[in-house]
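Only one structure is covered here, and it is reproduced in the block below.
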């Protein structure tokens, strides 16, 4: 699908459909839509009255033109109430438009953005671009019969007084971010019989070759030499060996250094504390954090910001066997902290313990980890919101602010000393589970805190809720969402002063 900017008059342009955006507050047709209504002898305004149409978010009014103008259809799509408008609504509405176009078997469409309420067209064209690409996504490679219809071109109509060259740069940024998120979705959606630890490391190697990243991949023997006892314990129950992956993007004019760590469980059965069938379903998505690392690297490989980025993944599988680790086992992490195992299904934090210790030894300016870590976070915040924790409030605030800009919902969960008491172990430095069933998302974050150098600002993002969805929402289809690829990439762009080059 091509996305192009244009400044056309729309009352006599040849296309399959012209989509006009409208706020619910609008009481009359204006501009190009008013001209088209006259050309259709009031066909649009008559249908609005007949259907009692209100431009609620995502609600369509489709008008066949019956050859009276060159466009086959004219459509209105609602933006909802103006006072509730935010840029993410444009992403959502763009995704609805692309799905409607596919439903109607349209090949080329125009989206008109000439609304006086729109002030920042950088944000308008980027949000629409992202929404189109994210909404167009489907994971259909394993279907024997597929819907082959594709929309070939979307033209986004902008006001003539806008700087088209500048806006094309934001279309490009939107394309890169959305394609990186879709790449992440593809990886998460692949089952464990297709992507295991070895194959995941091979994907990292392909990324490194394509974009010129530095890469180190450590095998089981090397992982043991590095003293990663917590990670190895989780991995040893599976016939698929662990692979520790370290990607590095290192530009010439680096403005700082950030390490990104992703939880990389190719599949999580729960181990000896085995999950029930309902809870084991979709556990291919327990690699979502690691896949997000790869998605972020794909984006920065294209955008080339002036900031050094480390991508770190401890890839493993948590399986029951005679070799599997057990409750009551005591493990030693890379940084020397000892861990008493309370439950083998709290394995992600064990792999992250060694990954965060490794990241801390790199002495970056900041560390971000992303993990489908706890069901407790889903209970606390629901399926659509990620939980954010960390050791530096300024850093947490920066991530939360960025998530508001990208439409990837996040909310802070507070650390406190009373919950720290709940991860004290009887016979080791720390328990891998809390001693009560309360505050589980936070106690997991507090566990991770013990493996991060306290001098390094660190944020933990629990994406257990929004990383994967059984029915989909907004521009996310059923399955993997690719969250939080756009948030973390956008944060890296801002931190590296990327937008100074284009005057944002």
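Every residue gets a Cβ built from N, Cα and C, even glycine.
Per Swiss-Prot, Mn(2+) 2 binding site is recorded for 263, 268, 286, 347, and the stated evidence type is sequence analysis. What Swiss-Prot records for 268, 345, 347 is Mn(2+) 1 binding site. Per Swiss-Prot, the feature active site maps to 275, 349; the stated evidence is sequence analysis.
A Cα-Cα distance of 12 Å separates residue 349 (active site) from residue 286 (Mn(2+) 2 binding site). Least crowded of the active-site residues (275, 349), judged by neighbouring Cβ atoms within 10 Å of its own Cβ: 275. Under DSSP, residue 347 (Mn(2+) 2 binding site) is assigned to coil, being neither helix nor strand in the three-state scheme.
Each of the binding-site residues 268, 286, 345, 347 was scored by the other Cβ atoms within 10 Å of its Cβ; the lowest score goes to 345. Comparing residue 275 (active site) with residue 286 (Mn(2+) 2 binding site), their Cα atoms are 13 Å apart once rounded.
In sequence order, 264, 265, 283, 287, 316, 318, 348, 351, 371, 372 are the same-chain residues whose CB sits within 8 A of the CB centroid of 263, 268, 286, 347, the residues recorded for Mn(2+) 2 being left out. Over all protein chains present, the Cβ of residue 263 (Mn(2+) 2 binding site) has 32 other Cβ atoms lying within 10 Å.
DSSP assigns residue 263 (Mn(2+) 2 binding site) to a strand. In the three-state DSSP classification, residue 275 (active site) falls within coil. In this structure the alpha carbons, written CA, of residue 263 (Mn(2+) 2 binding site) and residue 345 (Mn(2+) 1 binding site) are 14 Å apart. Taking the centre of the Cβ atoms of 268, 345, 347 as the Mn(2+) 1 site, the nearby residues of that chain (Cβ within 8 Å, site residues left out) are 234, 265, 269, 270, 271, 273, 275, 286, 318, 344, 346, 348. For residue 345 (Mn(2+) 1 binding site) paired with residue 286 (Mn(2+) 2 binding site), the C-alpha to C-alpha distance reads 12 Å.
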